[in-house]
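In what follows, a single structure is set out as structure tokens and then discussed.
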Amino acid sequence: MSDSVERLGNSDYRDCTSVSPQCPVEGTLYGDYFNEPANIFFAVIFGLAVISQLWLGIKTKTWSFTAWIMCGVIFECVGYIGRVLLTKNPWDSNAQRIQLVCLILGPTFVAAAISVTFKHIFIYAGRQYSIVRPKWVPYIFIGTDLFAILVQVVGGVVAATAIGNSSNTTIFDVATAILTTGVAFQAANMVFCGGFVVIFYRRYQRAKKHKTEIPGEATAYHRAKSAAAGDPASRREVRNFRVFTWTLAVAYIAIIVRCIYRIPEMASGWGSELMQDEVTFLTLDGMMIALAILCMTFVHPGVFFPFMRKTHPADQNTSSGEASTPSKLEKFWRRKQRQAPAAEES
């Protein structure tokens, strides 16, 4: 048990509402004043991201992605507003609860937003390269994200209840265990889900290298690449898709880095040296999530990957090697191909 937690549970501090000789800043959870300019910076960044993501989401009609990432950026913005309030009064228990709960939950929603794109990437680049049918991807990826959110909500509520209200340090230990479990599960889940994407990418690259094709339908990405030589629009589509996928990878890895940092930070205990190291927190939590959100704002899927705007059959493939029922996009492309020779003859 850290000294800071013992001080938080000290009945002498239960009625503290502001810094005074009887309520020193060293007795707070973080043991010092937060850096005001740094926290204002992050609050502004995430505030601008809220506006940008809302505008882009409405414009591009990427509703699922927008819903998840809006939750994430709002939590992040509110969390840093809470930290800004703590720069004025480190004993503000409401601000402590706000920043604790919001900054724990925010990244999980951002991770879920990224997971939404995977199904569409699999369909666009070739569902035949995926080891699971695209229709199951949201259930696996988003479902496990929801479980991580639920665990962290429970931990956050327990921690928020403990702050300023309990003289029993046991409740802090319970909150620590729950939150550490939630963050660790999120990190493991992201690595697990990322593994599906890596396998998909390797199977695609192997087929491309050997000029072989895993049984399955032609893909929108393959058609765009085939037409890129003589069609500027197709060339731009291919380029944008590549930029989008690599940017998505950067955002995904940034969130994993944040989770890896948060595990020992939470496990080391409330008021630990690592938890009180604000520079490390702002670098490995704030900067990582800001990087992920900025990636998904400047390289928004609705702009760089407009395929997400369309409505697709969840996954019409049967078993590997069997033909699938053509989607509307497939029918349109085939109709266009049949019309091309007729136009040339005339």
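The backbone N, Cα and C atoms fix where each Cβ goes, glycine too.
Where the annotation comes from TrEMBL, it is an automatic prediction and has not been curated.
If you look up TrEMBL, you'll see 314-327 marked as compositional bias 'Polar residues'.
Look at TrEMBL and you will find 314-346 tagged as region 'Disordered'.
Residues or ranges marked as transmembrane segment in TrEMBL: 40-58 (among others).
Taken from TrEMBL, the feature transmembrane segment covers 65-86 (among others). Sequence-distant neighbours of the transmembrane segment (65-86) (same chain, 6+ residues past either end, Cβ-Cβ under 8 Å): 30, 33-34, 36, 39-40, 42-43, 46-47, 49-50, 53-54, 56-58, 92, 95-103, 105-110, 112-113, 116-117, 286, 289, 293, 296, 301-302, 308.
The transmembrane segment feature in TrEMBL is assigned to 98-118 (among others). Distant neighbours of the transmembrane segment (98-118): 64-65, 68-69, 71-76, 78-83, 85-86, 137-138, 141-142, 145-146, 148-149, 152-153, 155-157, 159-160, 163, 179, 182-183, 186, 190, 193, 196-197, 248, 251-252, 255, 258-259, 262, 285, 289, 292-293, 296, 301, 305, 308; these residues of the same chain sit at least 6 beyond its ends, with a Cβ under 8 Å from one of its Cβ atoms.
Sequence-remote contacts of a segment are chain residues at least 6 beyond its ends whose Cβ falls under 8 Å from one of its Cβ atoms, and for the transmembrane segment (139-163) they are 8, 29, 93, 96-97, 100-101, 104-105, 108-109, 111-112, 115-116, 118, 132, 171-172, 174-175, 178-179, 181-183, 185-186, 189, 192-193, 196. Under the heading transmembrane segment, TrEMBL lists 139-163 (among others).
The transmembrane segment annotation in TrEMBL covers 175-201 (among others).
Among the features that TrEMBL reports, transmembrane segment is placed at 243-264 (among others). Counting same-chain residues at least six beyond the ends of the transmembrane segment (243-264), those with a Cβ under 8 angstroms from any Cβ of the stretch are 104, 107, 110-111, 114, 117, 121, 180, 183-184, 186-187, 190-191, 194, 274, 280, 284-285, 288-289, 291-293, 295-296, 298-299, 301, 304-305.
According to TrEMBL, the transmembrane segment annotation covers 284-307 (among others).
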